[in-house]
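To start, the structure itself, in structure tokens.
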Amino acid sequence: MRRAAGGGGGGDESEAMEEEEGRGRGGGLVFAYYVTGHGFGHATRVVEVARHLIGAGHAVHIVTGAPEFIFRREMDSPQLSIRTALLDCGAVQSDALTVDRLASLELYSKTAVVPRASILRAEVAWLRSIKANLVVSDVVPIACQAAAQAGLPSVCVSNFSWDFIYSEYMTVAAPRHRSIVWQIAEDYSNALFVVRLPGYCPMPAFRDVVDVPLVVRCARRSRAEVRQELGIGERENILLFNFGGQDSKWSLRDEFLPPGWKCWVCGAPDEQELGSRFMRMDRDAYTPDLIAASDCMLGKIGYGTVSEVLAFRVPFVFIRRDYFNEEPFLRKMLDFYRGAVEMNRRDFFSGRWAPYLGRARELKPRFDGPVNGGEVVARILQDAAVGKVDAPLRRSGSRRLQDAIIFGFQMQRHPSREIQLPDWYATSDTESGSLPAHARPGTAAGGSDDVVQIVHGSSQGLADTAWFLRTLGKLDEEGDVLASDHADRPQAQERLPAAGLFRWDDDVVVCRAPGRLDVMGGIADYSGSLVLQMPIREACHVAVQLQPATKQRLWKHMTARHGGAFKPAVRIVSFGSELANRAPTFDMDVSDFFDAQGKPISYEAARAYFEQDPSRKWAAYVAGTLLVLIRERGVEFRDGLSILVSSAVPEGKGVSSSAALEVATMSAVTAALGVDIAPNDLATLCQMVENYVVGAPCGIMDQMAATCGEANKLLAMVCQPADVKEHINIPSHVRFWGLDSGIRHSVGGSDYGSVRVGTFMGRRIIQAEAAKYISQISVPTVEANGTAGPCRAHLREVYDSELREIEQEINLNYLCNIPPSRYDALYAGLIPAELKGQAFFEKYGSHNDPVTRIKLESVYKIRAPTSHPVYENSRVKTFAALLTAANSDEQLSALGELMYQSHTSYSNCGLGSKGTDLLVSLTKHMQRCTLENAYKNQGTLFGAKISGGGCGGTVCIIGRDSQEAYEEISKIQQLYVGLTGHKPYLFEGSSPGAAQFGYLRVRRTQKCAHSTVPGI
């Protein structure tokens, strides 16, 4: 249920408030208002609401961890009580721009989980003691539970909820923290509804929502009064610098500011170094007055800042804050109202501010909506306190979420998710989100409107390739900055920098690489298993152009960095960046790949370079291919490169979006350079990008599937390290589908890495046990049986054979080289279920894995991760053989059973999730229902397993290629959405790998309208 409240200017609203005020003073209500411990922005908007409540004659008891003066300086009333208590912690920041995800979960556990029982007892007693009428939460989870236990109604007021924010942190969380999200969701489900502020995130735990206008503090003094008091002339350009507290080590120097600018600095520590053109503001300075009197603001995105810059129509230059998922939604609202410019972190710290401030001054913010949210919210709370609200049916928050709360912003924005969107909430340009119907994967391919001509290669009739070529041809037209500024709806931010990316007096190279569906093999790839992979229909396109330094059309901030010199540079634009909460652009100089001595930098140095700004860490997958080519193949880059990325392979779904990106990029770069690399070798180099530059410990399977896969065939490969055996035709009666669970998958997460460590620990233990075993057998032991003649010779052969096997196991490279029968007979009973890293290291030393390291304080599962690849390799071999059997239910049932076994074994390693388990269970349910229907002669669905590595992601399902099977898949989707609220995205169909696709060389045949190269 969704309702709207507020609007316009107040007319009837004010009269109703006056009537309520008359009643309130005679018998005022009591509000218990809980304020989250995350930042002062929540406190300032609570002040606005509380001010109206107190003005209506009610008593407000605020529970907060924020300093009391924040509230008292705004309204020093006897009706206001402040109680200091910290009942949640928000997001822990390691600095002003970076959230520490694991520390956030650990602190929340200490603050609100461990003492939960005592907190609830204390809060229930306190609520009863003050005779509260309503509990209001912004947006403290446990407050809603306390209200329920005290028998009181509760309402939340916020633009986000902590279950959504914390859900993305689960990829780095220890298993003990996973219940936090579900507990928070359950707490929120006790609220009557959430009063939802503009710029909101998805908040699925709440049973009802009421939308309201911006809650904004009003300016107290005019622009002229503030400037006169501070000695600033009306025509002087003023930048307001406000990060809500910044590092004292940030040195703000005069050269950071363009000529004619001065800067007011809020919250500057006394020891912070400020230039002469920077003015330190008093700590009690009223920020709304400063914003209204400035020409531009520089800071980080938060609700308080965004609401005030919009209300006062002041351009905002922002630096991204890492790992806080509130930000993209507020950023989208800023973009819609032409209110913001993003500055990259490198230019911020180096003081290259001029291009961004220049661009900000060109903006004309357009927000014209109501800003009386404080008054409107107060009215809603009064009605709720006296029972003037509809009571929605109770529905458990954890029941609604189950395991389908989305691990990260991009999952919430998937096109299969059905939510009502305001204008500012529109999705970004991406093939998976906003392709026109004729260009979606699988639809008929159209032409490229003759704007782009293919001069080499073939699009092979692929619809997504035709769409990408059309996009290339219209980049300059769609990226016109001035046109976007004056249009009714702004162009997506990622389109603007793409406008100046390519020079159309030269050709552009385009390559394509698909994602993959892991049919069998999965995480056994790094243990040397046979794997079966199907390239999917969704793919990544990359366009590359080499550009001499003298001809590159650089973005303005790059020109400022170069200081007029011509340096080869790398520029990357990624379409669909908003879906993953990342910056849409990245740039670096080619010289950054080399140290002071002119030698290529190490992979460790490269990883540190890309990790400097987590919002741009994605560029490691793209630019990392250049470093690997430099280090491993001696490739020289004398020219700069412009790179455009557009991927329809959804991230976090276990279908190898990263491998598709790496393979498409390296294929395009090598084609542009004229460097010939065999497909197997290219896949190996791309794996190095992910292992060494990105730091994700994946095997070779994904990159090989993206490179060497063929449409409608299973790539059969033995990962030792990358031996392609064959491309197996999928029988005409067999079909594979993928269903997305909605749970974010990550091979860079803690669980995937821990399982890999445990697997290599197991291999090391087998090596050690084999060394012990070899000392226990000898020729005399065999000959002591008294056997003579030919029998003794046979015994000697047996001994020699056993000796060779043990010697191989002492030097075991791949676990999958041990047959299951031998593993069971000799080693299975010797592998511990788990072991602490310290204990393993002391007994066995290194686990000999070059891409992971043992954390001495961690406890690792060993037996399950060691057993899985041994048995999985055998299952995959059987599966491949069964595919050639005759068409029968018995064949499909046997194939399906192998997939079920694989899923169970995988889950035993600790990599399962409730979402993927539920999809597998629903498949079994549909299979049983089919068998019980006597009128059906044949089964339709036969098996399912999780696809790929990492917790969550996609489930692969096998069934008959029939209409009945499609109907069963649709039923599974509907059952899943009913149980979790998430409709699984369906992966179906196949497409060629990068090698089969080859490369395109294209040029534009028509000129588009000239565009302005943006100063971003």
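Backbone N, Cα and C atoms are what each Cβ position is placed from, and that goes for glycine too.
TrEMBL does not curate its annotations; it predicts them automatically.
The compositional bias 'Gly residues' annotation in TrEMBL covers 1-11.
The feature compositional bias 'Acidic residues' is assigned by TrEMBL to 12-21.
Each residue in the domain 'Galactokinase N-terminal' (507-545) has a pLDDT score, and their mean in this model is 96. If you look up TrEMBL, you'll see 507-545 marked as domain 'Galactokinase N-terminal'.
According to DSSP, the domain 'GHMP kinase N-terminal' (621-709) comprises 54 helix, 8 strand, 27 coil. Here TrEMBL flags 621-709 as domain 'GHMP kinase N-terminal'.
Taken from TrEMBL, the feature domain 'GHMP kinase C-terminal' applies to 891-976.
Annotation source TrEMBL lists region 'Disordered' at 1-23.
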(request) With DSSP as the yardstick, break the domain 'GHMP kinase C-terminal' (891-976) down into helix, strand and coil residue counts. (result) 54 helix, 13 strand, 19 coil
(request) Give the residue counts of the domain 'Galactokinase N-terminal' (507-545) per reduced DSSP state, in the order helix, strand, coil. (result) 6 helix, 29 strand, 4 coil
